Structures are given as structure tokens and as C-alpha cells.
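Swiss-Prot lists 22-42, 59-79, 93-113, 114-134, 148-168, 195-215, 225-245, 258-278, 286-306, 310-330, 351-371, 440-460 (among others) with the feature transmembrane segment.
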Amino acid sequence: MLKILVPTIMLFLVTWSSPKKWLWPITTTHSLLIALLSLLWFKWNMDMGWDFSNHYLAIDPLSAPLLILTCWLLPLMILASQNHISTEPIIRQRIYITLLISLQTFLIMAFSATELIMFYIMFEATLIPTLIIITRWGNQTERLNAGTYFLFYTLIGSLPLLVALLLMQNDLGSLSMIIIQYPQPLSLSTWADKFWWTACLIAFLVKMPLYGVHLWLPKAHVEAPIAGSMILAAVLLKLGGYGMMRIIVMLNPLTKEMAYPFLILAIWGVIMTSSICLRQTDLKSLIAYSSVSHMGLVAGAIMIQTPWSFAGAITLMIAHGLVSSALFCLANTNYERTHSRTLLLARGIQVMLPLMATWWFIANLANLALPPTPNLMGELLIISSLFNWSSWTILLTGLGVLITASYSLYMFLMTQRGPASQHLLSLNPSYTREHLLLNLHLIPMLLLILKPELIWGWTF
């Protein structure tokens with residue numbers, strides 16, 4: 001653990017001591033080395049259980065894939081931001097990179113925390129750098145509105161969790177995840193216990209987000225700069241899923257009767273948000289709503305608590321993290337050239353940028369869960385486990401899969417095919433940096449096809 005945390009903290013010093021000319025190459029290289037070093041965490045499988053660095057930090061098969069995804073994303077965010085941030089004054093560039101590094105540090109400590117209260121503190125700490133990135137480097141004046149939505153939705157959802165954790169500490173005498181999972185099931189029967197159950201999960205359902213409390217996400221995605229969108233889609237939403245998987249195993253037997261309304265919202269949300277995608281004119285908003293749709297499947301899977309559903313949830317979270325981040329990078333390459341996110345104004349780009357169209361095609365096929373991508377493995381496991389839980393769910397999940405395929409192809413056709421506008425005929429060519437960025441997103445996803453058990457979490 002420390003072999004990753006210490007170099008990450010050293011990256012703060014590197015950022016502030018590097019000469020202006022070498023700031024971006026040095027920070028990118030250093031963060032890429034950390035990402036490669038983090039791949040060693042893949043060796044923790046179920047036989048080995050927890051691997052402790054100390055009493056408060058440990059890795060297990062559930063947290064290892066998410067930790068690696070977090071480390072993998074930092075060099076990609078720095079690469080993606082280089083074009084539009086490198087024109088700013090040097091002090092702003094350093095602050096921007098520092099915020100990204102601090103976000104990675106908080107996320108590493110959140111995913112590896114063994115104490116629930118430490119997890120809660122790190123969960124909340126990620127708010128601060130994300131909020132600054134959105135409100136300071138966002139594209140339009142609506143970024144302040146988006147920042148307010150993001151802050152208040154997350155805070156209002158998180159406060160009941162703090163009260164619930166304090167009550168848990170009072171009852172059980174400990175908040176260690178390792179200790180809490182072994183006592184006898186809690187005898188939860190009163191109305192107060194039902195409120196406590198809801199308080200434990202609502203923060204994570206807002207973060208995922210569940211349909212109904214998802215309104216902050218499209219706003220935050222649309223207004224955030226590219227690095228903000230990438231980290232939000234790839235890792236911050238997964239904090240909600242990870243937190244749910246950690247805490248829901250402690251809340252039985254109440255989950256069996258309390259989960260129904262949330263399950264219905266999650267599965268209905270898959271159809272609703274997928275349908276909203278078909279009506280979008282803003283490219284980033286379309287990708288943001290597709291994230292809500294995918295995370296609805298994850299929320300439903302975690303609620304039913306079977307080995308298959310847990311494996312499907314973690315697999316889909318990792319696969320979606322890589323694919324949605326790649327889609328935001330592709331949307332950003334379009335935006336940097338056309339200065340518009342409107343689908344109608346950027347048609348027929350395949351003629352000018354044929355290789356970029358190939359990346360669009362691969363990313364969209366992965367998004368619609370083409371065999372044999374990890375997205376398909378995750379969705380199949382989730383849909384199968386939901387079908388075993390209730391055969392009626394196949395109608396909703398099946399329809400959701402069809403609409404997902406429809407909006408993915410719609411997004412590809414609207415951006416790449418059709419007659420090219422006159423104002424697009426003088427576009428800048430694609431750069432090696434952009435192709436490297438997309439390679440580093442999509443090649444790991446394709447390699448996971450060869451050994452998917454690396455991201456199956458507890459069940460392997």
C-alpha cells in the first residue's frame with residue numbers, strides 16, 4: 001500500500017518543483033509509473049483475503065480492481081487536460097495538477113480504509129477537489145449551478161450516514177469492517193431501525209446515482225472540464241457502489257424487506273435514463289445519462305446480494321469506468337475542434353478524422369456490451385441474477401439493453417456519419433497524444449477479456 005501512497009504524495013513535490021517546460025511530461029511519466037506499479041495489486045485473490053499495510057489500510061479482492069482503476073486514471077487525466085490547461089499561467093497549471101493528485105490520494109485511502117469512519121471522511125474529502133475543478137475550470141457560467149447541485153445533493157445524502165455510523169459505533173463498539181462482518185445479525189425490527197437502514201445506504205445511492213436522485217450528475221458532467229468528467233464517471237460514481245457492497249452485508253436481514261422500492265427505482269431508472277439518451281442533443285449529457293443507466297443495473301445487483309450479482313456489479317463498474325472515461329475523451333476531442341457539444345453541429349467527422357472514428361466505433365460497441373467485452377460479462381451476470389430473483393425483471397432489463405444499443409449507435413451515427421458541415425472541413429488533425437490516451441483506455445478493457453476473474457471481486 002505504502003509503495004503507492006508514498007510516490008503519490010511525492011508527486012505533489014514533483015508538481016511544484018518541476019520547471020515550467022517539463023511540468024506536463026514529468027508529472028505524466030511519474031503518475032504512469034505509479035499506475036504500472038499498482039498492477040501488482042491484481043495478485044490479491046480470495047484465498048489471500050485482506051492484505052494489511054497497518055490497522056487502517058488494507059486491500060482485498062473487492063478494493064484491488066478499484067484501486068488500480070484510480071491509479072490508472074491519473075496519467076490519463078493529465079494527458080487529456082494538457083491541450084487546454086497548458087495555455088494558462090503556470091501557477092494555475094500546478095494547482096490543477098495538485099487537485100487531481102489530491103483526488104487520487106483521497107480515493108486510494110477511501111478504497112483501502114478498513115474503518116468505516118475513515119472511509120466516510122475520505123468519501124467526503126473527494127468533494128472538495130472535484131468541486132474546485134468543476135467550478136473553476138468548467139466551460140460555461142452554469143458551472144456554478146452545477147457545483148451547487150453536486151455539493152448539496154452529496155452532502156444532504158451523506159449527513160444521515162454519519163449519524164448512522166455513530167449509532168453503529170455506539171451499539172457494536174467498533175466500526176472496523178473486518179470486525180463488524182462477523183457478529184450475529186442485528187435484530188432490526190422497529191421503525192427506527194428502518195430509518196437507520198435507509199440512512200446507511202442513501203449516501204451511496206445518491207453518489208451512484210440512483211434514478212430519482214441523479215439530477216446533479218448530468219449537470220456536473222456537462223460543465224466539468226475533461227479531467228473532472230473522467231474521474232467523475234470512472235471512479236467517483238464507483239465510490240457509491242463500493243460503499244454499498246461494504247455496508248449492505250452488515251444490514252441483513254432488514255435488506256430483504258427494505259430493498260424493494262430502491263430495486264424498483266434502479267431497474268425502472270435503467271429504462272428511463274436510456275430513453276432520455278435517445279432525446280439528447282448535447283453529447284456530454286448523453287454520455288452522463290448513459291452512466292446513470294449503467295449504475296442503475298449495478299445498484300439493483302447489489303441490493304439482491306447474491307454471489308453472481310456482486311461479481312456482475314464489480315465487473316460492470318470497472319468496465320464502465322474505462323469505457324465512459326474513453327467516451328468523454330472522445331467527446332472532448334470533438335469539442336476542442338468544433339467548440340460545440342451539440343450533436344447536429346458536428347456530423348460527418350469520419351471523413352476528416354477516420355482513425356478517431358475507429359476509436360468512436362470501438363468505444364460505442366463496448367458501451368452497448370458487445371461480446372466478449374467485460375461490459376457484457378457484467379450485464380449478463382446482473383441480468384441473470386435479477387432473473388433468478390424475479391423472472392419479471394427480464395422484461396425491464398431486456399428492454400434496457402435494447403435501448404442502450406439504440407442510443408450507442410445513435411451517438412456513433414450522429415457524430416461520425418452523415419453529410420459534413422462546411423465549417424468542419426478545416427479541422428485540426430488528430431494528435432498522437434489523443435491516440436495514446438484512447439489506447440490506454442481501451443487496451444486494458446480488451447486485455448481484461450483474456451482474464452476477467454481479475455475483476456470478479458469476492459466471488460473468485
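Any Cβ shown, glycine's included, is placed from N, Cα and C.
Same-chain residues lying 6+ beyond the ends of the transmembrane segment (286-306) with a Cβ under 8 Å from its Cβ atoms: 205, 208-211, 214, 217-218, 220-222, 233, 237, 240-241, 244-245, 248-249, 252, 255, 259, 262-263, 266-267, 269-270, 273-274, 276-277, 280, 312-313, 316-317, 320, 324, 327-328, 331, 343, 367, 378-379, 381-383, 385-386, 388-389, 393, 397, 400, 404, 407-408, 411.
Counting C-beta pairs under 8 angstroms (sequence separation of 6 or more), the transmembrane segment (258-278) fails to reach the transmembrane segment (22-42), with fewer than 3 such pairs. Beyond the ends of the transmembrane segment (59-79), by six or more residues, the same chain brings 1, 4, 8, 24, 27-28, 31-32, 34-35, 37-39, 41-42, 44-46, 49-51, 97, 100-101, 104, 107-108, 111-112, 226-227, 230-231, 234-235, 238, 242, 245-246, 314, 317-318, 321-322, 325, 329, 433, 436-437, 440-441, 444, 454-458, 460 to within a C-beta distance below 8 angstroms of the stretch. Of the candidate ranges 22-42, 195-215, 225-245, 310-330, 440-460, 225-245 contributes the most Cβ pairs within a distance under 8 Å of the transmembrane segment (114-134). Scored on C-beta pairs under 8 angstroms, the neighbour of the transmembrane segment (22-42) with the top count among 93-113, 310-330, 440-460 is 93-113.
Each of 195-215, 310-330, 440-460 was scored by its Cβ pairs under 8 Å to the transmembrane segment (225-245), and the highest score goes to 310-330.
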